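These come from Swiss-Prot:
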| type | residues | note |
| --- | --- | --- |
| COMPBIAS | 98-110 | compositional bias 'Polar residues' |
| DOMAIN | 174-262 | domain 'Ras-associating' |
| DOMAIN | 270-317 | domain 'SARAH' |
| MOD_RES | Ser141 | phosphoserine |
Amino acid sequence: MKEDCLPSSHVPISDSKSIQKSELLGLLKTYNCYHEGKSFQLRHREEEGTLIIEGLLNIAWGLRRPIRLQMQDDREQVHLPSTSWMPRRPSCPLKEPSPQNGNITAQGPSIQPVHKAESSTDSSGPLEEAEEAPQLMRTKSDASCMSQRRPKCRAPGEAQRIRRHRFSINGHFYNHKTSVFTPAYGSVTNVRVNSTMTTLQVLTLLLNKFRVEDGPSEFALYIVHESGERTKLKDCEYPLISRILHGPCEKIARIFLMEADLGVEVPHEVAQYIKFEMPVLDSFVEKLKEEEEREIIKLTMKFQALRLTMLQRLEQLVEAK
C-alpha cells in the first residue's frame, strides 16, 4: 500500500499496512499521559492533511562489537593567526582550560571530537605521529576522588599532535589510534525524530549524532519485548509510530540498536519458553517426543490398514479376470 493511495483518514505504518488516524491519536493521547510532565511527550500537527508526530525516541544500545568513530568532525577547524599566540617557553605544554563545574552530565555515550588551533610552528613541515600510552587519561569529572597528577612536560609540537586527533566520550579521551567504542548493553540514548522518518533514516540520524564511521546498513532496529520476543523493524517502517503502537512503557517493549548480521528475530511461539529453566524445558521436550511417537504409531497403523485394503482389492481384480 503506497502512501499516495491512502485516504486522509489513515496513517501508514509500513509500505503495506496503515492505521486509522483517530485510533493513532487515541494511542498518542495515552502515550503522552504516561509521560506527563516529561520531555518525552510527543507533539503532532497536520500538513496538507498528513498527520505528523514528532519528539524524542529512546533507543537502547544492543551492540556486541565495538563501533568505530570518525577521526575528524564535519565542522571546520578554526585556525588562529600566529600573531595571536603569546611566546611560551619551549619546555612547557599548552595548558587546557579546566571546567568550572566538575560534575558534567550527559545523556547516552555523547561523542564530541576535540579540536585545537594549530600553531605556526607546526605548519612548516609534516607532522610525525606521536606514540600514545595504552591507558586512557580520565577527566576530572569521572574521578572526583582521584589524586591529581602533575602532567608530564611535553614539547608544544608533540602536545599539539596529541590534541588534534582526540575524542571525548562521557569525559574519556580517545585517540584516533584507538577510536573504537562499545556502549554498555541496554544503556539508552535518544534522538529527535518524526513519524515520517523511516527506519533507515532514524539509523542514519543516530549514527551521525555520535559520529559513527560504520554505515547504517550494518545495523538494524529491533523491538524487544519483556517476554523475549524480538521483531526487526523493516526499512520501510516508521520507528516512532511503532513505539506508539507498542505503548509508552519501556519495561514491556524497547527499541534496540543491534548489528544487522548478529540480531535474530524471536517469534512469540519461541519467546514464551525463554524464561523457563532447563529442567522444565527438558520435560517439555520429553512430552513432545512422547506425543510424536504416538502420532507416528497412529500413522503407521493407518498406512498398514490402507495397504492391506489395496492388496485385497488387487487380488479381487486378478481373480475376476
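Backbone N, Cα and C define each Cβ position, glycine as well.
Under DSSP, residues within the domain 'SARAH' (270-317) fall into helix, strand and coil as 42 helix, 0 strand, 6 coil. Averaged across the domain 'Ras-associating' (174-262), pLDDT in this predicted model comes to 88.
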